[in-house]
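Q: From Swiss-Prot, here are the annotated features:
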BINDING   Glu554  L-isoleucyl-5'-AMP binding site
BINDING   Lys598  ATP binding site
MOTIF     57-67  motif ''HIGH' region'
MOTIF     595-599  motif ''KMSKS' region'
Amino acid sequence: MKLKETLNLGKTAFPMRAGLPNKEPQWQAAWEQAELYKKRQELNAGKPAFHLHDGPPYANGNIHVGHALNKISKDIIVRSKSMSGFQAPYVPGWDTHGLPIEQVLAKQGIKRKEMDLAEYLEMCRQYALSQVDKQRDDFKRLGVSADWENPYVTLDPQFEADQIRVFGAMAEKGYIYRGAKPVYWSWSSESALAEAEIEYHDIDSTSLYYANKVKDGKGILDTNTYIVVWTTTPFTVTASRGLTVGPDMDYLVVKPAGSDRQYVVAEGLLDSLAGKFGWESFETLASHKGADLEYIVTEHPWDTDVEELVILGDHVTLESGTGIVHTAPGFGEDDYNVGTKYKLEVAVTVDERGLMTENAGPDFHGQFYNKVTPIVIDKLGDLLLAQEVINHSYPFDWRTKKPIIWRAVPQWFASVSDFRQDILDEIEKTTFHPSWGETRLYNMIRDRGDWVISRQRAWGVPLPIFYAEDGTAIMTKEVTDHVADLFQENGSIIWWQKEAKDLLPEGFTHPGSPNGEFTKETDIMDVWFDSGSSWNGVMNTKENLSYPADLYLEGSDQYRGWFNSSLITSVAVNGHAPYKAILSQGFVLDGKGEKMSKSKGNIISPNDVAKQYGADILRLWVASVDTDNDVRVSMEILGQVSETYRKIRNTLRFLIANTSDFNPATDTVAYADLGAVDKYMTIVFNQLVATITDAYERYDFMAIYKAVVNFVTVDLSAFYLDFAKDVVYIEAANSLERRRMQTVFYDILVKITKLLTPILPHTTEEIWSYLEHESEAFVQLAEMPVAETFSAQEDILEAWSAFMTLRTQAQKALEEARNAKIIGKSLEAHLTIYASEEVKTLLTALDSDIALLLIVSQLTIADLADAPADAVAFEGIAFMVEHAIGEVCERSRRIDPTTRMRSYNAFVCDHSAKIIEENFPEAVAEGFEESDK
């Protein structure tokens, strides 16, 4: 027998190398085979509910790292709730209608207008479902636990029917109307867009300063006066029908030197404008308030059939331009709102494809709208005072990445103004994480216009509206309920397969159709109405779910998207928000803080991460970042996270190995019988349990990450385990000292495995498979630990905090001795502590082997007054380090004066000899194999 065989060296097959890319799919297959999701739901049946509603990602292409951040975050929350005694199902969803799928088919050469519509829509449906399958596999590879076999998809007939019911309820309350207001118009998509479908980019535009000649000055201005206006969209001059001034702003009539014309500009902008126009000097002829100029008539710059009226508007500012805004009601929301008050013509001179129409004039007809600036300049002639290129933020279609325009076209709207205050009141009742989200959503709702819900596309849910012979729109409850029932049975495809009369209730009549003829709407709904009514199609209808949901969690862009649309529809129909709380997250950027794009080559694919590092590394990264703000990720950052993971894994491996002979049923030592340092570690660990429990409640994953890393590296590796191994290795296997520490080891191991399961489910499942004494087959079926408190806890923590200060001081003294070549390793040291009475009292109160805790072979405690001059001194304490006396025990590796060769061929100290002689009689009788001595 070898001497080292008398040591209790930890044994485990749990590997140091994780091998996550290969092992994770095996665990996922095992979970699926065991129906773990279903079993967890059955375990929690009847318990308090927690329902997170999944915002549906768009079903197109593989998932990106933003999807991963979102789904992993949701999974962490739902798993933690499920293991904490909540009935917490997770129904994933997909958004499956909309333009991107039409664009994919177009790229494949499929031409919608050249084929049967029903056939085209079926191709869209099949493509969408194929993308759902692709993304489902991607999400499952991340270890996300969900009801994957029963997701919700917005193309499902039941969902479409429930969406129609939401529309019908809003229509019944009068919240749906048709209007010709300007809307965001995407010429590249040939459709109206909602605010949530807009993104902004900085572009260069040519801005023009030009003048309208006064035609009727109303006794205030003479006819040789010109009113100066500014535009950044020259094409809209073709539809200009008014000039808007600020009613309380001051305007001057000035005559530049050498000019026979006089001009009107805002007083606050005159100096800057004079420089632009080359007016070296000018004479001020008069001053007027904007309100004085109301109803003055001017000539259109070139269209002699058009007069432009001076009107008043509160949106005019002195921030730029001339203080006078040319007003084209067909091309802007402010222009429309102020123009309709004065009954200005709503002229629209651009068609759905972005081409100038016939009523723009023969010089413009057929030209692309943003190519006509040279024509406008030519038509203005000497009325053009200046032009300049400006860089400004401009709206783009978020799908096609092309600029858009405001354009007045007949559209269907959902009113927001009718119940805006109700929505704002509901926002104030909602909990927001982070808290600034409340202000953001509140301001968006407060400032937004009505919601344009119609789209001039094919792939989507039809607007369930019929028209009588006299043009009256029909959307009564009877009609929408009937359409909803048809959609539920057949899917929305029936809208395109049947004539209007066959879609209406049997025997339906309307006074506007004396001949019984009806037509149907051909526009579809905005896809934000699809997902925005999911509270009804999912939370309000699916078994084991509830409405309102406890939580919506999405990226911060959803304040103007899903959070917004869901809130509007829910308040409109039921008077309350669809959620109790909102958690928003920042965007995922690359390692340099830049947006990811294919062109930059900086995209991080979750699938690539899973193949290289494993999904648990990506999950740990999610827990490591502050998602309240934008977060960064790169392969280098993931490499750093992987290193942290390795430290956690190897520490837990140590605990597994050193509890391999521990049976909690027979070997556990009661808290009252633990050693002082073991009690201290038990208290510290339970504080960690409390911290993690609270952080899960607050959805603060980063707090969990920091707390776990600190506990593993500082409290365990750098302190407790550093000296505990000298006990668990050296003391007799069944000794009280060893079982005390194993009790703490096992308690930490089991509980931290449970606590980490929501974040690292694959790793903790692997650990759990080595814990043969635990009853649950899978850790996911276990319950979260509950933090305990202990008598005199604060006093114990205070005493050990003081010891930690002493320990740091002792380590400095040992380091100085090491540098002076007095010792090599700390176990070569004889440490003398010269202590004040206060420190002596502390050391006595700790009731511990201080030499063991400081990892020195010998320790002496003396009076502070006896400290030599060359001692390493601190306030109330000093240290002297000398080389320990004696020989190194081959078993304990400590220097001990009792170390000597024993009759059984072991060069050991008296303490090790006693353990050997009591526990290994055969080895004592036969002698050990050859010693080094």
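Cβ coordinates come from backbone N, Cα and C, glycine included.
In terms of burial and nearby residues, how do these features look in this structure?
A: Taken residue by residue with DSSP, Glu554 (L-isoleucyl-5'-AMP binding site) is part of a strand.
Under the three-state DSSP scheme, Lys598 (ATP binding site) falls in the coil class.
Tertiary neighbourhood of the motif ''HIGH' region' (57-67): same-chain residues 94-96, 98, 100-101, 104, 128-129, 131-132, 134-135, 138-139, 153, 555, 587-588, 596, 603-607, 609, 633, selected by CB-CB distance under 8 Å and a gap of 6+ residues from either end.
Among residues of the same chain six or more beyond the motif ''KMSKS' region' (595-599), those with a C-beta under 8 A of the stretch's C-beta atoms are 64-65, 587-589.
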Q: Quick one: give me the count of other CB atoms within 10 A of the CB of Lys598 (ATP binding site).
A: 7
Q: What's the CA to CA span in angstrom from Glu554 (L-isoleucyl-5'-AMP binding site) over to Lys598 (ATP binding site)?
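A: Glu554 (L-isoleucyl-5'-AMP binding site) and Lys598 (ATP binding site) have their Cα atoms 23 Å apart.
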Q: With every protein chain in view, what's the tally of Cβ atoms within 10 Å of the Cβ of Glu554 (L-isoleucyl-5'-AMP binding site), excluding that atom itself?
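A: Within a 10 Å radius of the Cβ of Glu554 (L-isoleucyl-5'-AMP binding site) lie 21 other Cβ atoms.
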Q: Pull the DSSP breakdown for the motif ''HIGH' region' (57-67) and write it out as helix, strand, coil residue counts.
A: 3 helix, 1 strand, 7 coil
